[in-house]
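Taking it in order: structure first as structure tokens, then the write-up.
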């Protein structure tokens, strides 16, 4: 298993390098999206990626809500979800998502969609404004100018996993479908992350979370099926072994008991002494006593041991051979008489 996992990690790294080298680096670093994904057992995943700036009709088509920033103060820290108010983050038994759209060059307005964060309370609005414009914007700018921008960065920050996507501009339609919808076809722009990495966290998206859950569920069912098959085969083998042992000890070295079989009594001491006194001639005349341990009554009394009746004598006319044909005459000499 460790070897297979190491091979998958190497394939993942090679595939990320391949798709990155085939794409051009985005020059626009101002318009970004930030996603928040929460789930059961305290699962929290965030993602930052580039976005095309020419999106329109956010309210009707994509159901985004505009919001104004309420603070301009910067907050020091590592800029994780710990900078947000914990009571503002909604958690449940199923996955909850929120997507924020913002232009880092214009820190007056941002758009949000989803139910993973509560935007109805003023305190929540204040913390999310600083989190987005002073935290996520700075992280994205540092990431784009970083020398290792051609790979996906996965950061583990306590109970949070943050995914820094490749510095490309994703369309809003693909972003909403990947981060805010649990079902549907994988968008073509995010297909590169799924082809060879179906069981790895690379984008922190909602569809990726469901793909991971399905993969783990299938692996669990496969392991349970293997355990069930192994247990069933083990039970069958143990049952056959017990049956063979019972037949061996019950039937006296015979694995298949004949019908009406009964064990003969064991030898007594007197019979043992008599057996020792037998001579070679006695053994020729009678059946040795020791063979009683192997022979069974049904063999002696079976009809297969009775000789068939002798055939009647052959009639005399069948015994006599027919007379041989007479020998063929010898060659004749021809005499020719000539007149004088």
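Even glycines carry a Cβ here, placed using N, Cα and C.
Note that the structure is a prediction, hence the values are computed from the model and not measured.
Quick look at what Swiss-Prot lists:
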CARBOHYD  27  N-linked glycosylation site
CARBOHYD  54  N-linked glycosylation site
CARBOHYD  57  N-linked glycosylation site
CARBOHYD  68  N-linked glycosylation site
CARBOHYD  72  N-linked glycosylation site
CARBOHYD  78  N-linked glycosylation site
CARBOHYD  83  N-linked glycosylation site
CARBOHYD  107  N-linked glycosylation site
CARBOHYD  118  N-linked glycosylation site
CARBOHYD  146  N-linked glycosylation site
CARBOHYD  173  N-linked glycosylation site
CARBOHYD  180  N-linked glycosylation site
SIGNAL    1-25  signal peptide
TOPO_DOM  26-225  topological domain 'Lumenal'
TOPO_DOM  247-340  topological domain 'Cytoplasmic'
TRANSMEM  226-246  transmembrane segment
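Confidence for the topological domain 'Lumenal' (26-225), expressed as mean pLDDT, is 82. The secondary structure of residue 57 (N-linked glycosylation site), as reduced to three states from DSSP, is coil rather than helix or strand. Closest to residue 146 (N-linked glycosylation site) by Cα-Cα distance, out of the glycosylation sites 68, 83, 118, 180, is 83. Checked against residue 180 (N-linked glycosylation site) by C-alpha proximity, the glycosylation sites 57, 83, 107, 118, 173 yield 173 as the nearest.
Counting neighbouring Cβ atoms within 10 Å of each of the glycosylation sites (57, 118), the lowest count belongs to 57. It is 11 Å from the Cα atom of residue 173 (N-linked glycosylation site) to that of residue 57 (N-linked glycosylation site). The glycosylation sites considered are 68, 83, 107, 146, 173; of these, 68 has the fewest other C-beta atoms within 10 angstroms of its C-beta.
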